[in-house]
Amino acid sequence: MRVGIVGCSGRMGTLLSVLLSSTTRFTLGPGYSRKGAHSLASVIENNDVLVDFSSSSFSEELLSALLSNPKPLIFATTKPIASCSIDEKLERLAVHVPVVVCPNTSLGAYVQKRLAALLARVFDDTYDIRVAEVHHRHKRDPISGTANELVSVLCDAKQKEWNQEYSVGTNCNNVKNIELHASRVGNVSGEHEVAFISDKEQIVLKHTVFSREVFAEGTLRILDWLIDSSPPPGYYGPEVGLKVSV
C-alpha cells in the first residue's frame, strides 16, 4: 500500500514519514506541502491512501480534489466547529471510499472521549463541566480538534440521557454551559482535561501526550486496519484502529 501524506513537511507529517520509511508493510509515496515539488492532483493519483496532517484551512481544497479522484482518506486534521461544507464533502467522499475521521489518533484520547461520554450520562446538571486543553505555542488552531470532539460527545450524551441541551459559552434556563479553555505555551505535545465539578466534589479525566510518536503509531494502526479489513466505503472513527471495543 502506497501512503501519501498531505502536510508532509509539518511536525506530524515528518514524523509519520520517518515511521513509514522504517516499515516493510507500507510504501511512502509522494507527499504534498504548499512549497513541495508535487501537485495535489499528482499526490492523489500516485498513492493508494492519503493521510491528512495539514490544516483546517486546506481541508476544503483537499476534499474537493478527492471528490474528483476518490482515494481512501485518514482525516487527522482539526475540523472546525459547524463546518457544514467540510462535513458534507467528507460524507460525499465516504460514499465512494473508506474515510476515517480522527483529529487525534492516539489510543488514550479515544478512551478519554468514551469515558467522558459515560460520565456525562452519570452526572446531572448539578455538576458543571469544564474542558481544557494545552498545546505548543506553534499550534495554529485556536481550539484543538480533540477538544471540539470532547465538547461534541458531552453535548450528545447530555441530550440523550438527560434531555438537556449544552453548549459552549451559553448559560440560560434552557441551555447549560460547558466551559472551554485553550492554552498555547512551550513545547507541549498535547494535554486534554475534562472535569465534572459540583459543590461537594469533582472528578477529572486527563490525557497527556509525552511524545508525538503516539499519533504516528495510532495512524499506523488505522493503516493496518485498512489493509487487514479491506473495509467498504463508509464514514469511520478512530475506533477502527483498536483491537478491542471500548
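Glycine too: its Cβ is placed from the backbone N, Cα and C atoms.
These numbers come from a predicted model, not from an experiment.
Copied over from Swiss-Prot, here are the features:
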BINDING   G7, C8, S9, G10, R11, M12, A76, T77, T78, C102, P103, N104, T105  NAD(+) binding site
BINDING   R34  NADP(+) binding site
ACT_SITE  H135  active site, proton donor/acceptor
BINDING   H136, G145, T146  (S)-2,3,4,5-tetrahydrodipicolinate binding site
ACT_SITE  K139  active site, proton donor
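Here the features listed in Swiss-Prot are painted onto the structure.
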residue : record                                          : contacts (Cβ under 8 Å, 6+ apart)
G7      : NAD(+) binding site                             : G13, G31, Y32, S33, D52, F53, S54, S55, F58, T77
S9      : NAD(+) binding site                             : G31, S33, K35, G36
R11     : NAD(+) binding site                             : R212
R34     : NADP(+) binding site                            : none
A76     : NAD(+) binding site                             : M12, V51, D52, F53, C102, P103, N104, T105, F215, T219
T78     : NAD(+) binding site                             : S55, S56, P103, D141, I143, S144, G145, N148
H136    : (S)-2,3,4,5-tetrahydrodipicolinate binding site : R184, V185, G186, N187, V188, S189
T146    : (S)-2,3,4,5-tetrahydrodipicolinate binding site : P103, N104, A109, K113, E133, G190, H192
- Give the helix, strand or coil assignment DSSP yields for S9 (NAD(+) binding site). coil
- Return the single residue from the binding-site residues list (P103, G145) that has the minimum number of other CB atoms within 10 Å. P103
- Item | Least Cβ-crowded entry, counting other Cβ within 10 Å, from the active-site residues listed as H135, K139 | K139
- For H135 (active site, proton donor/acceptor), name the DSSP secondary structure in the helix/strand/coil scheme. strand
- For T105 (NAD(+) binding site), list the number of other Cβ atoms lying within 10 Å of its Cβ atom. 25
- Task: Let me know the DSSP-derived helix, strand or coil state of G145 ((S)-2,3,4,5-tetrahydrodipicolinate binding site), please.
- Result: helix
